[in-house]
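A.B. asks: Below, the features straight out of Swiss-Prot:
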- 640-677: region 'Disordered' (REGION)
- 640-663: compositional bias 'Polar residues' (COMPBIAS)
- 664-677: compositional bias 'Low complexity' (COMPBIAS)
- 899-938: repeat 'WD 1' (REPEAT)
- 945-985: repeat 'WD 2' (REPEAT)
- 997-1036: repeat 'WD 3' (REPEAT)
- 1040-1080: repeat 'WD 4' (REPEAT)
- 1087-1128: repeat 'WD 5' (REPEAT)
- 1132-1171: repeat 'WD 6' (REPEAT)
- 1180-1218: repeat 'WD 7' (REPEAT)
Amino acid sequence: MAPPKALETIGKTLHSQYERWQPKARYKLQLDPTLEEVKKLCNTCRKFARTERVLFHYNGHGVPKPTANGEIWVFNKSYTQYIPLPITDLDSWLKTPSIYVFDCSAAGMIVKAFLERLDWSSSSSASSSKDCILLAACEAHQTLPQSAEFPADVFTACLTTPIKMALHWFCNRSLLRDSMEHNLIDQIPGRQNDRKTLLGELNWIFTAITDTIAWNVLPHDLFQRLFRQDLLVASLFRNFLLAERIMRSANCSPISYPLLPPTHQHHMWDAWDMAAEICLSKLPQLIADPNAEFQPSPFFTEQLTAFEVWLDHGSEDKKPPEQLPIVLQVLLSQSHRFRALVLLGRFLDMGPWAVDLALSVGIFPYVLKLLQTSAMELRQILVFIWTKILSLDKSCQVDLVKDGGHAYFIRFLDSLDAYPEQRAMAAFVLAVIVDGHRVGQEACANAGLIYVCLRHLQPENPNDAQTEPLLLQWLCLCLGKLWEDFPEAQLLGLQSNAPEIVICLLSEPQPEVRASAVFALGNLVDIGSPSLNGADDDSDDDEKVRAEINVVRSLLQISSDGSPLVRSEVAVALTRFAMGHNKHIKSVAAEYWKPQTNSLLKSLPSLANINSSNVYSPSSLIQGSSGLASHIGPVLRVGSDNSATARDGRISTSSPIATNSIMHGSPQSDDSSQHSDSGILLRENASNGGLNYSRSRPIDNGIYSQFIATMCNVAKDPYPRIASIGKRALSLIGVEQVSMRNSRLSNGGAHPGETSVPPSSNFGMARSSSWFDMNSGNFSMAFRTPPVSPPQHDYLTGLRRVCSMEFRPHVLNSPDGLADPLLSSSAAPSNMGLDILPQSLIYRWSCGHFSRPLLTGSDDNEEANARREERERIAMDCIAKCQRSSCKMTSQIASWDTRFELGTKASLLLPFSPIVVAADENEQIRVWNYDDALPVNTFENHKLSDRGLSKLLLINELDDSLLLVGSSDGNVRIWRNYTQKGGQKLVTAFSSVQGYRSAGRSIVFDWQQQSGYLYASGDMSSILVWDLDKEQLVNTIQSTADSGISALSASQVRCGQFAAGFLDASVRIFDVRTPDRLVYTARPHAPRSEKVVGIGFQPGFDPYKIVSASQAGDIQFLDVRRASEPYLTIEAHRGSLMALAVHRHAPVIASGSAKQMIKVFSLEGEQLTIIRYQPSFMGQRIGSVNCLSFHRYKSLLAAGAGDNALVSIYAEDNYQVQ
């Protein structure tokens, strides 16, 4: 072939080869160019490319090598001599982004010169160097191979025709080299882009292997840049890996910028060689018979199997699965797609680290495109995969909406043939799509998402089984996010009867569902957008305001919910209401707390005797509660109250809000009973600042009065964060709480008051074993998250979870964080606006569920089960021993000076460690190891000034036990990690007698592990039954007595049964399972006797016998199957009996008196032991006995003294330190 013809052929071949890789690009050839032609070509290409990448391919065969300065050679105008072209000039013409290919000997000289230029360049030029890529055929000192085995332009051949080049090179080195004609390689049938042909499958395998090599050896950011952002760049670098492998066999080392690590010996090349050998072995037959059926290579099947093996044994701590890029390629094949998606789903379920790896390999565009398929079998697994992706990377929402992916999930959510757990995942995906993304909100609203969610929130048949709680939760969260700061969607929701539908969920047993419903309702409340307040839309605005007020009425009724998560969402929602209705609430507040009305406030009608069931039903929630305004309206002197309440109806006297709003929030609450002022300051000159979007006119002043009273209640919530939100809401309306009982002095200084908040803004719930934490280990469940399981009431099992307000912010990778900023009760600044709203946390916290493994059980559960089984064995052994023991308690094995200022009020022996917990009236809690005589931990139950302790109780004793601290004002706080020095965490807190102010400060408690019930009562006519599993008040039992309750004891045998001792010395037994509740009444103590100070069911498993002790000193033994008269009486003390303890299993009881004496009795009335003196040389008397408690499984007795603050522990003579 003549030289000019050869030159033209080379150029056309190179053009066609590049065009195969990027057919849409424009290519321009310059054969033997001059300097001016190169410059013009570069400038023209950059002009047309604009900001796109320009490829510059230099074939330097037949011209001198590059100079030491990195100059390449071109011709002058007359083609009489070579002229050097510096790389700096080339770079200045092409600019960036660009990619250079230099196929010539000593090509490394050019790369070296380019790198030196980068070092000399300014920082701005260096910053654009990432957009410049160089591929060079060899290093600076190397010459290209001239062997007949390789073509002259072997580097270019590898970059542009990799399959044929790889097969030729492999054939010369395989066992096929003698039996196969090499020219057949050029006749491989098929098309490169058709995976069902031999050439297409080989190209597919080659792509998968080179991607796998690159992903496993390159940093992930470099892999993304080179292999996932530009199709041509990705193809060139895949082929560059082949060039390195082939040319290194000829002692040439291709180099690149950015520099890649060596890959020519990677073991995945062996997989390529095997695939190539299988192909070449079939090639003669396929060429001889073009109609022969094509048999796919087993490569992808084998790689998927290898990936599956890794899934069975791999973990985050092990090396990542190298097959991940291959799995991605397999998604392109319909025959392997389902299996690949299933395996990919299993991998993503391993945790956020797995999702991050999958995203780094480039999964996103593949699974995005799959949303366009209509294959029914892929729906469940695609929803699962997208759930896992979005649980880590919210930014994917933009591309999902852009490609219409939201419609796919709306259709899935609306399909009844999918499992509820899977539809919950679809709701989660949609919630992420609309989260803070107005385009997503508009798209989903226009697609009817509001109507779909509302339709599935309400069962078609009221008798249908309860919807999966996880689905209810995420339907509410999805609606809330759709309505958030989107007035048009809010209006659609109000017009679609959304409040009435969502309000029905406020009585659901799951706190997560209730909190999510509150979140949705709260986002229906407009925080003050003026868009709907125009003069032409007054009637529409009135309707909107009425709807908002109905929403707020329902929220006010659950402001005393047992779950801090729910109460926190209520507080956030009510703060939104305070902003949107700021003007009118402030005017009502000003009227409420005018100084001249103080005398009237003292005459507020007492609501203390109004009974509160506090068990919310959907109907009562929907009815509203504006009737409360009729109780306080005349006193508040708000003119429209009466008409408003007459129009909207009155609540029943059993409504929980009727007894808690005013009595808790008014100046006559317990905190101000000793003071003439209200403890509330009205900031007359408080500026609205950014709160000028208030409504143009009031609709119902009664609701504003009720709102203020409730927020005063919220501002005293036992959970610090909720209290701080309440104070912030009060400050928004110009009201500030001040300490009504001056902070008590502690250590010479003022003790922090209620305004304090935790040092951490962490918040949320962490279930120890909740309905959404139970994981299914059966993969055949088709990516279902497990459904709710009803409580398994089993002895020694009991409560499975208690809500935790501890929040883990690493759940989502979000730049703005997950936790809400700390709040204080300081006055709001004059420029306050939307940024002062406390953040809702239920959504971000709920997202954490999907970032955890859903398909497999966790090792933590296995460890917990093993620990529980071991503790059950220990407990049974100890029970058997103590039942056979003498129980004489004659040996004092430990004595601990707690240094409590007011003496020891309560003590508790832990069942599986030598630990005793003690507390005083100031609610200081101290933990001590009595075997080692060492302190373990000390902390305060709270930092409020009002103090008083009632009881210490242990929850989940066979698991990671929780410490319940009951305060005498009815507040309950539950702690975990209380035996770790400084590691205690507040799990939950709530008021157990919310609204019963007449109960005073004498609330008594007891806990029933089997049922998960906490019983609370006091100087009141009702006994409140709280389900701590549901975090909900489930029953209010009327005591039918004329006096209050002084002692409570729950049966450890019969769920729902408990005994109560009264101030009038009577005894009653109740059972929540019976219609009448009351099952036994007796007056075993003498007439006009003092109150019952202790009561308990007798040891063992007999549910019919109880023991009651009165302050007069007598102990009565009762059998409920007989008459109400006692069958045994012990005159234990002559008055001043202060404490009674009944062992759970051993046949022994103990009593203690203020006269420094402890007596131990058998169940037959025999006095086993009397303790008067300390076992010391001086023989001092023991202190006045404030509390007694037995070890649950051993013959150990702890006694706390009231005067000398000692806690003494007594045992049998043969006690041995464990």
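Just so it is clear, glycine is given a Cβ too, placed from its N, Cα and C backbone atoms.
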A.B. asks: Hey, does the repeat 'WD 1' (899-938) touch the repeat 'WD 7' (1180-1218), meaning at least 3 C-beta pairs closer than 8 angstroms, sequence gap 6 or more?
C.D. replies: yes
A.B. asks: Cβ under 8 Å to the repeat 'WD 5' (1087-1128), counting only same-chain residues 6 or more beyond its ends: which ones?
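C.D. replies: Residues packing against the repeat 'WD 5' (1087-1128) from afar: 883, 1046-1049, 1051-1054, 1057, 1059-1067, 1069, 1079-1081, 1134-1149, 1151, 1153, 1161, 1163-1165.
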A.B. asks: Which numbers of helix, strand and coil residues does DSSP report for the repeat 'WD 3' (997-1036)?
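C.D. replies: So the repeat 'WD 3' (997-1036) is made up of 3 helix, 21 strand, 16 coil.
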A.B. asks: DSSP says what for the repeat 'WD 7' (1180-1218): how many helix, strand, coil residues?
C.D. replies: 0 helix, 19 strand, 20 coil
A.B. asks: Which numbers of helix, strand and coil residues does DSSP report for the repeat 'WD 4' (1040-1080)?
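C.D. replies: Helix, strand and coil residues of the repeat 'WD 4' (1040-1080) number 0 helix, 20 strand, 21 coil.
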A.B. asks: Where DSSP helix means H, G or I and strand means E or B, what are the helix, strand and coil counts for the repeat 'WD 2' (945-985)?
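C.D. replies: For the repeat 'WD 2' (945-985), the helix, strand and coil counts are 0 helix, 20 strand, 21 coil.
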A.B. asks: How many of the residues that make up the repeat 'WD 1' (899-938) does DSSP mark as helix, as strand and as coil?
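C.D. replies: Tallying H, G and I as helix, E and B as strand, the rest coil: 0 helix, 23 strand, 17 coil.
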A.B. asks: Mean pLDDT over the repeat 'WD 3' (997-1036): what is the value?
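C.D. replies: Mean pLDDT for the repeat 'WD 3' (997-1036): 90.
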